[in-house]
């Protein structure tokens, strides 16, 4: 499990890093959360352990930044702020758990494992791009809690684009139309235009981009 620890206290940060590494976790330790989103561009993390009171930007603001950028990662706040209203604020803004200092390592590890397991169960059948969540179980695309209304062919095309990095015209033809149907380039072009219109209409934060001699891909525009 790869852990991003954000803790400005050198003693506590060093202790947590050492203990977690001894338990075979991979740990990256930051003492400041400035530009934290850049770390997620360079690497994937299974969980974030986040102090509330940091020198440049607060833990609550870091959570807001990550959630606004649709960075889906479990977050446990580690803080001396133990008042009920502090816990409510942290959890409301997007933290998945809240542990007050001082704490026992056994409890922290138990909470880490529980949060990651819960997160995996929730997100296993969901994929997020832009403002769109694809529910693979219910076969729905949801935009800001509103179901994206699509025709059958539009749905098939968007599913294909969602689940693949790039999609060729041959893949679209095979997925969307029956093999015994005659389909010309105009049919594919028309379907792509219709899907582009729907993506704009619903403010999805997505666009279908044409890649010369390859095909198409979904591009996040937010």
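Cβ atoms are placed via backbone N, Cα and C, with glycine included.
Feature annotation from TrEMBL assigns domain 'Response regulatory' to 2-116. Taken from TrEMBL, the feature 4-aspartylphosphate covers 51. For 124-220, the entry in TrEMBL reads DNA-binding region. The domain 'OmpR/PhoB-type' annotation in TrEMBL covers 124-220.
Cβ-based neighbour count (10 Å, all protein chains) for residue 51 (4-aspartylphosphate) stands at 24. DSSP labels the residues of the DNA-binding region (124-220) in these numbers: 37 helix, 27 strand, 33 coil.
Under DSSP, residues within the domain 'Response regulatory' (2-116) fall into helix, strand and coil as 52 helix, 24 strand, 39 coil.
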